[in-house]
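This is the feature table in TrEMBL:
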type: DOMAIN; residues: C:122-415; note: domain 'NADH:quinone oxidoreductase/Mrp antiporter transmembrane'
type: TRANSMEM; residues: C:6-25; note: transmembrane segment
type: TRANSMEM; residues: C:30-53; note: transmembrane segment
type: TRANSMEM; residues: C:104-121; note: transmembrane segment
type: TRANSMEM; residues: C:127-145; note: transmembrane segment
type: TRANSMEM; residues: C:157-178; note: transmembrane segment
type: TRANSMEM; residues: C:198-222; note: transmembrane segment
type: TRANSMEM; residues: C:234-255; note: transmembrane segment
type: TRANSMEM; residues: C:267-289; note: transmembrane segment
type: TRANSMEM; residues: C:296-315; note: transmembrane segment
type: TRANSMEM; residues: C:327-348; note: transmembrane segment
type: TRANSMEM; residues: C:360-380; note: transmembrane segment
type: TRANSMEM; residues: C:400-420; note: transmembrane segment
Amino acid sequence: MITPGFLYLTGALLLFLPLHERIKYIISFLITTGALIVTFYLIPGYSLQLDFLNYTLVPFKVDSISKLTGLIFAVAGLAAVSYSVNICSLPNLRLIFVFIGSALTVVFSGDLFTLYIFWELMTISSSFLIIMASDFTKKTGYYYFLMHVAGSLSLLWGIFLQYSATGSLSLNAMEAGIPFVLIAIAVKLAFVGFHTWMPLTYSKAPFYVAVVLSIYTTKVGVYVMARLASGINILAYAGLISALFGIVMALRQNQVRKLLSYSIITQVGYMIIGISIGTFEGTSGAMFHLVNHILYKTVLFMAVGVVIYTTGKDEFDNLGIMRKKLPLTSIATLVAIMGISGVPFFNGYMSKTIIKDALHEPLLKLGLDLMSFGTSLMFLKLIYYAFIKNSSMNLVKKPTISMQLGMGLLTVMMLLIGIHPYLLENLTNIHVDINYFDKKHMISGIKPFLWSIAIFILFNKYVVKNYERLLYFDIYRKMGKLFVTTGYVLSNYHDGKLNKYLLWATTTLITLLLLLMF
Amino acid sequence: MEIAYVAVIILFCLGIYTIITKKNLIKIVFGVTIVESSLILLLMLVGYKPDGTAPILDKEYEIVVDPIPQALALTTVVIGGSVTAVMLVMVIKIHRRYRTLNIDEIRKLRG
Amino acid sequence: MEAAVWVIILPLLTAFFLGISKLYFKRIFFYLVTGSAIIYLYILIIVITHSYPPKVYSIGDWGLLGINVMVDPFSGLFLLMIAILFLPFIIFSMKYNKFLKHDYFIFAYLMVAGISGMVLTTDLFNLYVFMEVSTLSSCALSLYKKTDRGIEGTFKYLIMSTLGSFFILLATILTYYLTGTLNMAEIPLAFEDIPFKIKSTMMTLFVFGYAIKIGLIPLHAWLPDAYEDSPIPYNVLSSGLVLKSAVYALIRVLYIMFGIDFLDESGMLTIGVFWGVITFLIAHCLAFQQSNLNRLLAYSSIAQIAYIMIGLFVGTEAGLIAGSFHILNHAIMKGTLFLVVGIFSYSLNAVEKKDIKGLGYKFPILSFTFVVASLAIVGLPPFNGFMSKWLIVEAALEAGFVYAAFFILVGTFLSLTYYLKVIVTLYTKNEEELLIEEPSLSLKLPTFFLGSLCIVFGMVPSLPLNLITKIPTFLLDNGDYIRILLGG
């Protein structure tokens, strides 16, 4: 059976052939739609076994959660590839294919070994995507790569601990080494304290790279968390803190893509809360939220990408071009913003309602309302710049058709899910017993949004102010400095004096003698 | 007998000491040869038997010294000779390039 | 005569005839060098395929008194490494040395003769002799460029390694004094009556001597010096074979002569693992500081050999397999890296990190090979370095060396820092006009061959592991080895 991840990886190999421009489009189209169709017809319960060294690996295993995630990954892959196919260069397209392919394989992996290998492959391909993408992203790519490899090595250590404790590599909730796995996941999903790579990367990388990365990187973290570390109740509070931190930081940004990155941190907070409840409702709410979040956040990144493509920058002022010159993009952006704010009849409302229903602690419920409120507030700022404030921007060039196609596809899906939330449930046979459109849920959904409008109008001048960049303290750079200084000191001992080297040798001999004799 | 072993130890330590502390390249090579000779001496002592003669398999000679260490000693001499030769060649080359024999001034390689 | 004996004789003969051809028949030089390398490859393959079950070949009719040659899986692994590296090395050097120099190939063949002798011999003193042969010819090769730095580095290398040799020779003589034999099979039998303290002194001398040749920190100072300004194809053999042959000798001596029980009892295993951990941590710190690529790769070699030491000193079956696998993988990965650097230095004289700026766009496929090999050596999947590191970590955890396993992962991270820096430099755009001499196919082909092995052994590790899994049988339990060698 052909797995979707395998399809993408083959696609990457096919792109190595000497290609004509048009064949590039055909291959991309065939692979992406093919993967979508294959994922659509997967039967939950199917699995594939493979003997490798002394282990029995399960490189492919389908159940309802992985099917749901895989499906949205495939849809987003189709959209993202068609969005970026005629902007990016061929090597980058290959890397994008490897990246998407390994993300899909992680989702369908049935054991820790496969999971780790493709998790690492995601890191490698995305880092090279960033490094190769432009001249300004070399250092960013370096930072991103190191950070993610640190995370994945932590995962590897967790896997080793688990393996030596239980002797099996199967993909169940971890029994040993949970802290290490949590660190790995925290890096991947940009948990507060481990998030430093994210605003940096997403604001510096070329916009199509940011689109592709924002779809998969954090979401794979969420998926793996649901697999390996679900139901740790204390983490719900951690998610809440992370989300609130995201809101505060997002409100202070001057660059649209930085705002979007911090808003990812906030949205991931919802998913962390959902997963850490541990119940069926909680987890499925988190997964549905993952689907919805991919839809609207991708559209937002794509819309900002269009703005960058047409005007050259992603300052807030440049957004003003949307209302006048880019009607389709404006509609997509509006739909996405409604979705992310959780307004009823848009897609974000559905998953937020499920998570809120699954919660029982009053403090967390309050926090969730606060999060919705903050999210709405920060996107009102976006709306203000895009549609209310006057601007005198001019189009430099027109957005390409394939860009608008990618965006349009996702917008239509958002609208469908928003109007008919049972669509997702029916598709994957995950049934949550909730009536979405009764009075109680509707009111609790719309309340934070209305509040935020009121606050926005009242405190307009604080929200739309241009804030100075916070001088933030990056502990990872400090640690790097320590490592470099140690190396420098050690290197200075090697000053070329042979006598010194020989003295070291004799000292070693004496030490060895002492150690082994006594 | 014992005194010969003591001589081996003294020679060996002396040679190592020379290699480690001396700054002059020629002296370092001397140190190497001293260690070498001490090891050859040790080889001879290992095979030595009191009143033994050369290892000739004949009924006339009842006590013969062990032949194997002698063969080893020969090999060691050859190897030691070639090592010393290579070292001296390098000393000449270094002297031509750096115009000095002081090891402390021959330190372009650092870090 | 048996093929195994020809493994040692053929390179010696070739070296001899190369010398003659220099004097009289200059025209046959090329055919002699390549032809002999190809025949050598053929012989090696025959010997490797017959390495299990182990066989003993006696030279002359002297039985145990004479010179014996033994092929077992562990020596088979090293022959495999020679087979993989030597022909690419010859093809590469043909082009790389812009003027054909006879002595270069003479010394190369002598060096390989020495290494194959070390790997095959069963006699402690022969081991020493072959080691000296390989060391001296390796010195001659690293001197080959005759630059200031080259000479200085080689001098330091020669002094340090001679110091090591002295201690090995001393230990060999003392062994003979104590046991009255130099045959590897008879020594352990005679060793049983020797007091513990004397045995551990002997072991210290051996370990110290070989550790200098391996370059464990703080005995490593000669290694980067010797690499810095030597011909780069030589570095491939040096890091791939010369260092590894010292590892081979050390492991052979420790496991066969002293036995695993004694190693465990005397604490050598613990010391070995701890020494390995210290070594790679410091070596990674130092490698980050280097601006010269050769030096950087040299420090990385030190670190990788430390991983190998950890694998081999864990003292279990899994550890030996993992360490041996990493020996093979490191030879391939480091070979690829050195060859790519060699092409850079051939085409535009670039050996400093800043010189290679922007070459990623000039040589896309070569740079891709470099990236693959460096990711492999860092230990990221799906390349071969990851497989062997996984096995090493697993073995260390199994044997209870939890700290070693943890620090190997830390080391992986540290090694990424400097390799990634090189890669990023490679892909940074350079505005300057570069004068590039286009590398020919005979330079690229060996590089791509080794580079593709990195991927193949990563995807299908069972290919080399078929041979490697048989290694522990004849190392862990020295009884088997002794019985075969004594002809039982």
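Glycine is no exception: its Cβ is also placed from the backbone N, Cα and C atoms.
Because the structure is a prediction, the values reported are computed rather than measured.
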Which of C:6-25, C:30-53, C:198-222, C:296-315, C:327-348 shares the most C-beta pairs under 8 angstroms with the transmembrane segment (C:104-121)?
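Of the candidates C:6-25, C:30-53, C:198-222, C:296-315, C:327-348, C:6-25 scores highest.
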How about the transmembrane segment (C:327-348) and the transmembrane segment (C:234-255): at least 3 CB pairs under 8 Å, pairs 6 or more apart in sequence, or not?
yes
Taking residues 6+ outside the transmembrane segment (C:400-420), which of them lie with a CB under 8 Å of any CB in it?
273-274, 276-277, 280-281, 284-285, 287-288, 290, 296, 300, 303, 307, 310, 314, 374-375, 377-380, 389, 392-394
With pairs closer than 6 in sequence left out, are the transmembrane segment (C:157-178) and the transmembrane segment (C:234-255) joined by 3 or more CB pairs under 8 Å?
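No, since the transmembrane segment (C:234-255) and the transmembrane segment (C:157-178) share fewer than 3 Cβ pairs closer than 8 Å, they do not count as touching.
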Mind checking which residues of the chain, 6+ beyond the ends of the transmembrane segment (C:157-178), have their Cβ under 8 Å from one of its Cβ atoms?
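Same-chain contacts beyond the ends: 124-125, 127-128, 131-132, 135, 139, 142, 187, 190-191, 194, 198, 202, 205-206, 208-213, 219, 221-223, 225-226, 257.
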Can you tell me which parts of the same chain pack against the transmembrane segment (C:30-53), counting only residues 6+ beyond its ends and a CB-CB cutoff under 8 A?
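Result: 3-4, 6-7, 10-11, 14, 17-18, 21, 71-73, 75-76, 79-80, 82-83, 86-87, 90-91, 94, 100, 105, 109, 112, 467, 470, 484.
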Please give the sequence-distant neighbours of the transmembrane segment (C:296-315): residues at least 6 beyond its ends with Cβ less than 8 Å from one of its Cβ atoms.
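Distal contacts: 214-217, 220, 223-224, 226-228, 235, 239, 243-244, 247, 251, 260, 263-264, 268-269, 272-273, 275-277, 279-280, 283-284, 286-287, 290, 322-324, 326-327, 330, 334, 337-338, 341, 353, 377, 388-389, 391-392, 395-396, 399, 401, 404, 408, 411, 415, 418-419, 422.
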